[in-house]
Amino acid sequence: MLSLTLTRSIFRPTLARSLALRAATLHTLPDLPYSYDALEPHISAEIMELHHSKHHQAYVNGLNAAEESYVKAPSTRDRIALQAALKFNGGGHINHSLFWKNLAPVKEGGGKLKDGKFKAALERTLGSGWGWLGYNSKTKKLEIVTTSNQDPLLTHEPIIGVDIWEHAFYLQYLTSIWNVINFEEAEARFTEVA
């Protein structure tokens with residue numbers, strides 16, 4: 001039977017090795033694939049710069065700090081206590097890194113959904129109908145739900161209904177972000193998993 005000390009030395013890397021490994025894996029703020037003003041007039045340069053260089057950078061800093069604390073944590077209990085910070089900051093970093101690629105300047109195809117596998121899947125899945133913010137009385141939570149055609153929302157208590165039939169789009173129904181959505185990136189992600 002292995003002693004507790006021997007077991008710990010086998011399964012837990014030394015602090016020096018952990019710190020060296022940590023230094024090689026610091027997370028950094030990714031560059032945007034476009035300039036801060038490239039999404040104007042739909043999203044201002046000021047908002048993009050603040051969102052990217054301050055907000056996203058805070059998640060990167062928080063993730064690096066949480067990982068450093070994790071490596072230095074003296075006990076399993078201390079490492080478990082860091083899980084929320086790792087998830088929150090790691091999720092913020094991962095989500096924002098994907099988000100920047102979800103957007104593209106209009107002159108580079110932003111807002112243009114071309115015919116293809118992704119568009120067909122969107123139309124098949126969403127089609128015409130309604131988008132809802134509904135209250136689920138079983139879970140006691142607000143949830144986003146869609147219904148096809150003119151089907152009413154029966155599974156939730158309707159809170160907000162958004163008409164997603166084609167005629168709504170003719171009246172500039174959607175918000176400005178749809179003018180800069182990078183549908184090519186969405187197509188690539190969809191093709192990778194579908």
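For all residues, glycine too, the Cβ spot is worked out from N, Cα and C.
Because TrEMBL annotations are produced automatically, they should be read as predictions rather than curated entries.
Per TrEMBL, domain 'Manganese/iron superoxide dismutase N-terminal' is recorded for 27-104.
The Mn(2+) binding site feature in TrEMBL is assigned to His51, His96, Asp163, His167. Counting only same-chain residues six or more apart in sequence, none has a Cβ lying under 8 angstroms from the Cβ of His51 (Mn(2+) binding site).
Feature annotation from TrEMBL assigns domain 'Manganese/iron superoxide dismutase C-terminal' to 117-189.
Broken down with DSSP, the domain 'Manganese/iron superoxide dismutase C-terminal' (117-189) shows 25 helix, 24 strand, 24 coil. Neighbours of His96 (Mn(2+) binding site), defined as other CB atoms within 10 A of its CB across all chains, total 18.
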